[in-house]
Amino acid sequence: MEALTKVYRDQPKTVLFTAAAAIRILAALLFPALPDLLTLRAELSTPVNSFKRSETVQYRKVYSSMSEDSTHTMAAYSTSHACQAQATTAAFAVALAGHTSLHPVMLLPPIGLLCYDRVCVQSAEKGQTSETDGAIADSTKTNVAVDLRSQPQPLQFGLRFVATFICAEAFLFGFSRLILPSWRFIPSIYMTLLELPDLTPNAGLWWYFFIEMFDAFRSFFLGVFWLHMLSYSVPFCLRFQRQPLAAVVLMMGIIAVFEPYANAGDAGAWLSCLCLLGHLFELTSLHRYTFPAIATLLYSTLLGPAFHHLWIYAGSGNANFFYAITLVWSLALLILLTDTVYAALRDEWEAERPEGKGKEIRQM
Amino acid sequence: METSSADGGGTPGLEGTRPRPSGNATLTPPPEPSSALFTRRSIVLSFWAIVLCLGLPHWLWTTSTYRATLPLSTMNDWAEGKACDLRFPFPIHLRVPGWTLGEEEELAGKLRVLLHGGKGGDGLGGMFDFPVHVVDSNDAYPLQADMDEALKVVLHVNEAPNAHEHTSSLEPWEPTVHLSYGLSRAGGRDGLPPWVAAQIRELFKPQQEALAYLLNGTPFAATKHEGMRAMMSRESEAKLDARSTRAFKPSTTYHLSFSLFVSGNEPSAWAIEDALGVYVKPLIDALSGIANFTVTTQVQLRASFSPSIAGPTYDEASGEWKLRKEGLSGFVNAAEWPLSPSVGEGSTINFVLYVPAQGQSPLVIAETGGTGWLVPQWGSVAILNPNPRSSQPQSPTATALTTLTAADLEPVMLTFAEQLTSLIGLPSSPTGSLALRLAALQRERTASLLLSSSSTLGALSRLVHKLPNIPIPDTVATSVSTSLQHLELACQDLRTGRYSKTAGDLGALGHAQAANEASEKAFFEPSMVGQVYFPDEHKVAVYVPLLGPMGVPLVLAGVKELLGWYRGRGKVKGA
């Protein structure tokens, strides 16, 4: 035990990733039936990540194996590199994530902002010779007086970041074309997401809506749903200029709730990412609805599979049962999301006015 | 989404956490720092930018309707009967064995005058033409070779002094009439042309009536209406009414379905192929110029009556089981008997042969004592009572019980064949010649298909005019132009008397069928049908549930910021 703790202290990342990989491989080895079982679950399996259903869409096969895990990994990887002010790798990781499932592209503005923020901090630290080597960014950055002239131009940085992203994306398309026989992978990957051809029930909000939709309005509302998701990207960046990490995490939450083939995996990834905003937990749990939200999540986690079974297999329920529970699920996630928004704003405010800490808000 | 736009102003909201107000003193929030104001406005602006720059073009792009241009005025011309002046020529070929060509020509000239014009004309502005041509004995047609022959008149002039018989006989399989005229009868040679003309008129009268009946009340008959009405006797009109209610609507394909339903389990087989080959096949072959026919057969044992009818009752006096007339409509147990519904291309004509159980036999219709009836536009039902002799224990052989032979089926098959002719609308006269009846059906079909495709095109034109929002795909425009093209050709062929299909041409009937098919395809285009019952009010119901909740905060925030900006500007000016 002693040794284990020591190893963990020395090499925390290695231990963590080794453990995760070991669990993943062990689960597959010990329970060979597990993949089959999981692909049957509506909450987990969607046309975008499922091997079984990808047979119709030829090229998804190649991608689906990597898409689900890699999208999350790449989003996290990109965030982590943005935190280290490595613009190129961050943009490349976003490109990779977006290449496999399109909607991570919406993370580009917040991640760019995060990156820019860290670059500014780094250049500020470099400017302050009194500090030590500045390898590890200090979190009390707000108090540091910054020489504005030494900072990189935001416009210039943004253009460079976007250019990197575009180059990375172009490279990825070229690379994909190299390993695949034709360009047909582009429509088969992106049109699946844009046109939503498969309306198999899942944990998201789209399928029921588009089952009911009149054909003439289908393409319009597909656009509305995508634009709706997209419309949060820039406002989050504007509002959370001073906490870009919050903008990234909140945008991930928006995507997890509103993406076309939503599944429990995406929600889980987002919930894990919430830990990045650990400093806000106190605020949310004090003032907001963390308990109801968690309870609702558990409630829908239990009832969702039950209603799905009742509808699809037992035939004693109908689509509305399951859709209602997916609405509850999304509602719970949205409550968590709004709570986090509140907490982030409050945190910002309290940093400005320490005297207001712990006081109730009141509308005037 | 409300979250972030509202929370753009979230920070000022938190101002309320300042010291609680004492008493009624109202507190005003401290002025907003300009950076917060700028942030909030840029957030609202970014939402509106997405809506206006991406949402609006997307909306215009995805909900705009594509309307291919249709030749509306031509379509209306057809619907109003202006595009085609319907004429039905009946080319008549005359041959008089023993006469010289000159004599024949002279008679033909007289007949032409008698049949066509003058006061004895049809009064329909030459709607029915009777061009008379002379053919020589080799049946070579010197003129109008491309016209279908409506009738060949072979006139035998008997010059023997005691010959005063006038007779007329039709050939059953050829459109030929043999007239024989005894010259010694009163009238002599001068009476010959009027008599021949009267004979020809007599033959074509039912046909003219049927066509007049078809056109009656349609725009094609508008100018000739009075003449038409004069032409119809009430009696023949009733007859034509009955005929048209019985018959299926014109179709290019008919599926004939022969079904044997047995109450018990015997007989379990029938020699249907033999019976069809003998009794029905010749008729189908003869009809093949008018439509395509497919034949299916089936046998169903233990077929029970539908529970909805009372069932037969036993009549002590006659020893028969009686079916009430009102029970006949429910006789066919549509729920349990596997009869194919008439869906898809073509119409299904059902022929049902029912064999009642020994205990319920003989089964007859109470009022008439008959054993068969015709169901209009559906098919025909016949009851075959098992031969009472075969129920005697000593006589039957095993096959007699279990299999119905072709001979057993003969009366039923003859009835079925007869009823098939009325189900597809074959006119019943002139009785002697199937060829003439078929030709008549061909003409009627052509006319009715022309009418129906014209009215379909008219309906489409009105629909397009009435619903300016309905999309018109290119396929509809293509179908319409195909239909118009075929209508034009059909009209031409009709006027020149080419009804049947030839090597180079579909013939009037073929063109009319093609025109009708194309016009129906255009009218029932699935993407249009869906929109017909989708008025503009429904669009509100489509947009509001989602866009309403999204739009309200957007609009409110936008208005508030605009107002704030306007006031702020005013203040700056005032200062």
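We number each residue from 1, going along the chain as drawn.
Any Cβ shown, glycine's included, is placed from N, Cα and C.
Among the features that TrEMBL reports, transmembrane segment is placed at A:15-34 (among others).
Annotation comment: TrEMBL describes A:159-186 (among others) as transmembrane segment.
According to TrEMBL, the transmembrane segment annotation covers A:206-232 (among others).
If one looks beyond the transmembrane segment (A:244-262) by at least 6 residues along the same chain, the residues whose Cβ comes under 8 Å of a Cβ in the stretch are 46-49, 75, 79, 82-83, 103-104, 106-107, 110-111, 113-114, 116-117, 193, 196, 198, 202-206, 225, 228-229, 232-233, 236-237, 269-270, 273-274, 276-277, 280, 330, 333-334, 336-337, 340-341, 344. Per TrEMBL, transmembrane segment is recorded for A:244-262 (among others).
Long-range contacts of the transmembrane segment (A:268-286) within the same chain, counting only residues at least 6 positions beyond its ends with a Cβ under 8 Å from a Cβ of the stretch, are 72, 75-76, 79, 245-246, 249, 252-253, 255-256, 333, 336, 339-340, 342-344, 346-347, 358. Taken from TrEMBL, the feature transmembrane segment applies to A:268-286 (among others).
Annotation comment: TrEMBL describes A:293-314 (among others) as transmembrane segment. Counting same-chain residues at least six beyond the ends of the transmembrane segment (A:293-314), those with a Cβ under 8 angstroms from any Cβ of the stretch are 41-43, 201, 203, 321-322, 324-326, 328-329, 331-333, 335-336, 339.
For A:320-345 (among others), the entry in TrEMBL reads transmembrane segment. Counting same-chain residues at least six beyond the ends of the transmembrane segment (A:320-345), those with a Cβ under 8 angstroms from any Cβ of the stretch are 42, 201-205, 208, 239-240, 243, 246, 249-250, 253-254, 256-257, 262, 267, 270-271, 274, 277, 280-281, 283-284, 287-290, 292-294, 296-297, 299-301, 303-304, 307-308, 310-311.
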